[in-house]
Every structure is written in structure tokens, then in C-alpha cells.
Amino acid sequence: MGTKKPSDATNDIGKDIHTEVSNKESGRVPNPEHTEGKNKKQNIEQTHEQVTDDVMHHPDLINPLDDTRIDIKSGYTKDSRRLKGDNHDYEYDAVVLGAGPAGEAAAMKLTKSGKKVVVIDPRDQVGGNSTHVGTIPSKALRQSVFNLINFRRDPMFTKAMEYKQVPLNRVLANARKVIRNQVSTHTRFYERNRIEVIQGWASFIDAHTLRVETDDNVFETITFNKAIVTVGSRPYRPEILDFNHPRVFDSDKILQMDYVVKKIIIYGAGVIGCEYASIFTGLGYKVDLINNQNQLLSYLDSEISDAIAHDFRQFGVLIRSNEEIDHLETHDDYVVLHLKSGKRIKSDAILWSNGRSGNTEGLNLEAIGLKANSRGQLKVDDTYCTEIENIYAAGDVIGWPSLASAAYDQGRCAAAFMVGDSDAEPVSSVPTGIYTIPEISCIGKTEQELTDEKVPYEVGQAFFKHLARAQIIGERSGVLKILFHRDTLEILGIHCYGNHASEIIHIGQAVMKCKSNNTLEYFVNTTFNYPTMAEAYRVAALNGLNRVF
Ligand SMILES: Cc1cc2nc3c(=O)[nH]c(=O)nc-3n(C[C@H](O)[C@H](O)[C@H](O)COP(=O)(O)OP(=O)(O)OC[C@H]3O[C@@H](n4cnc5c(N)ncnc54)[C@H](O)[C@@H]3O)c2cc1C
Ligand SMILES: NC(=O)c1ccc[n+]([C@@H]2O[C@H](COP(=O)([O-])OP(=O)(O)OC[C@H]3O[C@@H](n4cnc5c(N)ncnc54)[C@H](O)[C@@H]3O)[C@@H](O)[C@H]2O)c1
């Protein structure tokens, strides 16, 4: 990502742009002429301390997994022609804090609406946590492990293959390639749209001024009319754990694990914990999965939740439910997890996957009168506007649903609201896609919800083992469940467990979205390709209709 050098910081509309060497580095007291007042200066000092702490505390936030740099070549700077002169004195119409999916979508929508936009991110590559440490590496890793499992199962190879455990960072070779391609694709989007991208840490000085610390410890200020905060999230790290210990990991640090283990504890059985349970068992590790609740992924339809728990046990995952950490004992070559129930679990390493926190600490929100909640998240209204009228927020930093899929749409919608699009709508319905092995995907209501709401529903099911396509590609388990109103046949929920579930769900989602066509009969009266996994919809629909009397 192109770093804007101080020399680029020309001022085309009469406002001062300051650069200064970090006080911390130089040991010098800053020149008071370079700041607008004592209070502001204190805020800046505080921000710098916080930001530096964040960098120290969380180095992975700024270090992409793939260190091959893909620089932005546009060189589009403040000297460039303004696309459209909005009626204000600020340098930019809009500033975007964070170049993840939410930030990218917001920047694209803003620039296509004729606004002069700048995006700021501390990483030297675009893509955000989603591309560098979240969605992309974990899904590419899962695919490699999935291939390995199929390879080991295939009788053509089992005899010839030496069964060897592989360290995680070697399996990540494919992920590095995907990351590089993703960064390259997204870099081109910024370039083609001539969006300025600055590498640096952003924090607020006031509601129209940002302070940006570039990676060479140079600070500058930029002024803007509106801002959108899309700084994302990072793993929540409780103080009782030492994440510098080589056997203690979170979902960012795990990507650097360079040794093989026989046994690993996963603390937290949320989406990340369950996806990694599949990855580790696929690599041949024994897994202790510690769940704080009594059911896995308890918001899922309970049959699906039972199915994944059953398959996990088959693959050698020991699920320990209703447990809570007391403390962790660390040693050079092992760890012992002490649970409040009195149990002690010894293992080669631990992956802590119990929640995430919004990256708001270093933003100096106090300077603009904003306060994040205890999880570092910002509250927004239906237009993604925070309590400050020119400051918007989207993506993980606003909490629900904390998905890359939704972050992109939220960023685009927030920008649409910022520019006053009359047809902008906030994101409200998002499918669940969990990339365990096998996958889980759902949309709409669960059986439990419909029962609680006393809705007269029926169920139609299709088991993958009966589908021609599934038999051809060797899918052994999997089911598609359609929940529908028994009188109107309206589809109320779709739940899928099995490989390709995250793709299969979209057929049902499209039908559910078409209000006039949203009935089970669509699947009976429409000819699908054969043999396909989509045939599951026809089989499930006929199965469901047979129950209606
Ligand atoms: C292991 C894992 C697997 C996941 N798998 C999936 C999945 O399969 N599907 C899915 O939909 N979602 C998945 N997610 C969630 C997904 O990654 C997030 O929802 C998504 O990254 C959120 O996008 P975002 O744009 O809000 O922020 P992010 O992707 O977090 O990007 C925020 C950016 O802001 C930058 N930033 C931080 N502080 C500042 C600052 N002060 N100034 C400027 N910039 C700053 C950061 O460097 C970062 O580049 C997964 C997450 C994890 C951790
Ligand atoms: N396939 C996917 O869509 C996918 C994959 C991985 C991660 N993700 C996203 O990543 C996010 C994190 O997943 P996860 O499995 O770590 O956790 P989670 O959000 O499922 O939560 C796990 C537990 O941690 C608690 N928690 C959450 N944040 C906390 C905080 N800041 N402080 C204290 N406790 C907290 C929660 O209440 C819960 O009990 C999820 O929101 C998920 O949407 C999505």
C-alpha cells in the first residue's frame, strides 16, 4: 500500500497540515505552534501512547501473513483535481478509517458518488483483517486440510502415502497465494477508482480533524467533512493469559504456529473455535474443545447443532460443555488448563477463541465525545450514523453480525446514507455460513423459534446420501431442511449441514427474498440441472408436501 510521505501533504484549501517527529522517538517536546491548543496536544499524546501500546500488544494487526508487497501506484494526492466541490473548507469530503471489507465498500461507493475520499490503514497492504488474518487465511487453510483429508481417505493414495503430521504454517502455503491474489485484486480497485490510501494509524483530534501516524513515526493532520469508522476487530485477550508465550495462541497468532502438536486445547466453542476444531482434527491433532455453554453453536437449529457435535466426536474432538477457565499453567513444552469445575487438561498448546473486541481504543474517541461499549464497539442508528452527526461506522466495529459478508454491505450502505441516497437500506438479513468440516449454513427461523412463536410449520428434508450428485462426489453426510408454513407453504427457514452448504443456501435465500414466489411449490415446479446438489431443494420440498394434510 502506498505510504503518503509528508512531502505529499500539500494544502489546497488553506488549512494547515502539520508533520512532526514522534515525541516518544525523539524525546523532544513538540513545537506548540504545531498544535492548536494544550488540550488537543494532550489528546494527541494520549492517542499516540494508546496506539503505540496497541501496536506493541497486537503486532499481527500490522504484519500481513504474506510479506510480498503490492504497492498502490495511483499516487493520487491532495494536489489532485477534486471530483466535486462539496460546500465546505475541508481537505476531503470523506475519510475512511480502515481498509477492510467495510472500509473498501464505503470508499468505492463514496468515490463513485463523486466524493473526494481518503482511506487510512496501518497495514502496508489493503484487505483488512478479513484478508490478512481472518476470513481468507482460515478458509484457504480449511480447503488445504479438506484436500488432505480426502487425499488420505482415497484408496488410490493411502498405500503410497506416508502419514506425516504437517505444521500449520506449512499448510498455509496455499493461503499465502490466495492472500496475495486478493490483495492484488483489491489494490487494483483502489487504483482504478483513484482513491488515495495512506498507511498509518488514525485517531481523532476533533470531529473534522484526524491525526495520522505514518509508519516512519511521522505525524500529520488531515481535515474532512465526514468520516466512516471501519477499524474492525481483533481477538479478545483476557489479562490472565500471556499471549507472548509460544504455546498460547489466538486466531491471529495461530497462523504463525511453526511446530507440530499432538494435542491442542481450543478454549471457546464459537464459530472460530468450531472451525479450528475441524482444521486441527483434519491435521491429525487431538482436540479438547471447551464450551462455556451446554450446546455447540446454540443459536443454530438444534438438529444441526447436534449433528456437528456428533461428527466432532467421531473425528476425535472431546467437547467439554459448561466449563469456564480458572487459570492456565504454562511450561516450555506444554500447558495445563485449570477449569473452575476442578478439571485439569494438559496439552501441547492452547488456542483462545473466545470473542473479539472492536479496534476503538487508539481512536481517541473522547476528543469527539464518542464512547465505545465494553467490547470496544460503537453504537449506530439505522443509517450507520454514530451519535456524532458526521461520523459513521460499519463492519465489526459496530458488533452484529461481525461477518465479512455483511461488513461489505454495511460499508456500502453507510456510504449511501452519507451521500443521501434515498433508496439506501440497512443490512438486516444475513445468512450464517460456518466452515466446519462439513459446513453449516442457514437463513431464517429455526424450529425452536417457530415453536416458541406458535407458528404452524412443517419440515421437508433431503439427505445428501440419497442425491446422485452427492454419491458421485463422495459426500457421506449432510442434510437440507426446509421449514415452511403448513397453510400458506411460505418458506420460513432453511438449514443445511454438509459440504457446499454455504453455496447451497443461496438458492433458498433468493427464493425467500422474492416475496410473491416464496413458497415451497417453487422447488416442485422448477426444473433444476441434474445431477446437482441443488436437487436437494426439490427432494426436501416433496418430502415436506407429503407431510401436509
Ligand atoms: C479466524 C476468522 C475467520 C473468519 N471467517 C469468516 C468467514 O468465513 N466469513 C465471514 O463473513 N466472516 C468471517 N470472519 C469475520 C470477518 O473477518 C470480519 O467480519 C471482517 O474482517 C470485518 O471487516 P471490517 O471491514 O469491519 O474490518 P477488518 O477486516 O477487521 O479491517 C479493519 C481494518 O482497520 C484497520 N485499523 C485498525 N485500527 C485503525 C486505525 N486506528 N486507523 C486506521 N485503520 C485502522 C485494521 O488494520 C484493518 O486493516 C472471520 C474472522 C476471523 C477472525
Ligand atoms: N464462518 C464465519 O462466518 C466466521 C468464522 C469465524 C469467525 N467469524 C466471526 O468472528 C466472530 C468471533 O467468533 P468467536 O468464535 O471468537 O466468538 P463468538 O462471537 O462466537 O463468542 C464466543 C464467546 O465469547 C464471548 N465474547 C465475545 N466477545 C467478547 C469480549 N470482547 N469480551 C468477553 N467475551 C466476549 C461471547 O459472549 C461468547 O460467549 C464471530 O462474531 C463470527 O461472526 C465468522
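Including glycine, each Cβ sits where the backbone N, Cα and C put it.
For Lys139 (FAD binding site), the Cβ neighbour count at a 10 Å cut-off comes to 16, with all displayed protein chains included. Here TrEMBL flags Lys139, Asp396 as FAD binding site.
Long-range Cβ proximity for Gly268 (NAD(+) binding site), meaning a same-chain Cβ under 8 A and a gap of 6 or more residues, is found for Ile290, Asn291, Asn292, Trp352, Ser353, Asn354, Gly355. The annotation NAD(+) binding site is assigned in TrEMBL to Gly268, Ala269, Gly270, Val271, Ile272, Gly273, Cys274, Glu275, Gly355.
Here TrEMBL flags 13-66 as compositional bias 'Basic and acidic residues'.
Look at TrEMBL and you will find 92-411 tagged as domain 'FAD/NAD(P)-binding'.
Annotation source TrEMBL lists domain 'Pyridine nucleotide-disulphide oxidoreductase dimerisation' at 430-540.
The region 'Disordered' annotation in TrEMBL covers 1-66.
Neighbour count (other Cβ atoms within 10 Å of the Cβ, all protein chains): 15 for Gly355 (NAD(+) binding site). Across the domain 'Pyridine nucleotide-disulphide oxidoreductase dimerisation' (430-540), DSSP assigns 42 helix, 31 strand, 38 coil. Cβ neighbour count within 10 Å across all protein chains ranks Cys274 highest among the binding-site residues Ile272, Cys274. Confidence in the domain 'FAD/NAD(P)-binding' (92-411), given as mean pLDDT, stands at 94. Within its own chain, Gly270 (NAD(+) binding site) has Leu297, Ser353, Asn354, Gly355 as residues 6 or more apart in sequence whose C-beta sits under 8 angstroms from its own. Shown in sequence order, Ile266, Tyr276, Ser353, Asn354 are the same-chain residues outside Gly268, Ala269, Gly270, Val271, Ile272, Gly273, Cys274, Glu275, Gly355 whose Cβ sits within 8 Å of the Cβ centre of the NAD(+) site.
In this structure, Ile272, Asp396 are the binding-site residues from Gly268, Gly270, Ile272, Cys274, Gly355, Asp396 whose C-beta falls under 6 Å of some atom of ligand 1. Contact annotation for binding-site residues (Lys139, Gly355, Asp396) versus ligand 2: Gly355, each with CB under 6 Å from a ligand atom.
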